[in-house]
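Data first, discussion second: the structure below is written as structure tokens.
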Amino acid sequence: MIKSTVIKFTFLFVFFLPEKCGSAPKTCDINLLTNIPAKGEPIYLNGNGSVFRPDGKLTQLNIGDFLSIYCPEQKKGLKRIRCDSQFSLEDIACNSSVHSELVKTEEECEKDGKWYNIGFPLPTNTFHTIYRTCFNKQKLTPIYSYHVINGKAVGYHVKQPRGNFRPGKGVYRKININELYKTHISRFKRIFGDTQTFFRKPLHYLARGHLSPEVDFVFGTEQHATEFYINTAPQYQSINQGNWLRVEKHARKLAKALQDDLHVVTGILGILKFSNKRAEREIYLGEGVIPVPRIFWKAIFHPKTSSAIVFVTSNNPHEKTFKPFNPICKDICETARFGDKQHENQNFSNTVGFTICCELPDFIGNSKVVLPKEFQVKN
């Protein structure tokens, strides 16, 4: 049985008092905004070989502690540096960019899905998972992705230029998914006619909609790991940059306000359908594969308080009212303080993707979504 209270948006104000000046440094500072190299960012490891996790814009190491710099593609790719008066990170970089890997598991998820882990192999012969995607290999579509937002460091992410999306070895078979995105408007003109208005630029075209978004992660190596196609689904650009972007920002603001980890599952439901005098079709990016979702949803869970909320966004910019295929839930945006009155600059506009808020049990009961075990909160 799932029991959850609704996450409400609150602000925490923390005041840091400066330490007294001393003749010798007692700590080494790692500043996310100034100490990380712009090119060739490595993987940072703790002294025990685990992945370093910052606890704010500024993370401090004690004198004598070790931090390892790891470049997987270099023969001598592991370097240990000691926290002392000579400690410096910004000049230590890999010779080339560090690329994440996509690993298929045999672990089942949802209906007809298998888990894929995205991350890096470590020198300890373990694999560090940045996020996971439940993927349907037959329909070539993600079901949902799961990741954790570091509430203490979110908002201080290392600035990185966006990279190119990657299909991952063997995932999409011989299908060129990048080409399908480039040519989808002309394809739908052949189906619905040259005068169709369902898909057109500058806004009503299909973008690569992230499930686990880049900016939820701190390091550039983590951000670029989100650029696998299995972590995306076709989403209207107007919605991607509209209400869906606002949902993502709400999640990050909430994590930062709580100064704690938030567990996030982002998924899709249904298949978009359009009709005109010429045709009535369920919409796929390819021939019967890569469905265009009817709905995007994001479930946010705070383990310490067993609090949760689910945002549900329509992927149809043409509809005048939001009518999901099933009643998804009772809208609680105002009650949960995610409504327009509380966030006037981040309000959910009905012209860029109708969005409602759900209690987690209500959403699960109506959608029949089976969430990862991390969300299975017992009474």
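Backbone N, Cα and C define each Cβ position, glycine as well.
Here TrEMBL flags 1-23 as signal peptide.
Positions annotated as domain 'ENPP1-3/EXOG-like endonuclease/phosphodiesterase' by TrEMBL: 128-345.
Residues or ranges marked as active site, proton acceptor in TrEMBL: His210. Residue environment of His210 (active site, proton acceptor) contains 21 other Cβ atoms, counted within 10 Å of its Cβ in all protein chains.
Classification of Asn240 (Mg(2+) binding site) by DSSP places it within a helix. The Mg(2+) binding site feature in TrEMBL is assigned to Asn240.
In this model, the domain 'ENPP1-3/EXOG-like endonuclease/phosphodiesterase' (128-345) carries an average pLDDT of 93.
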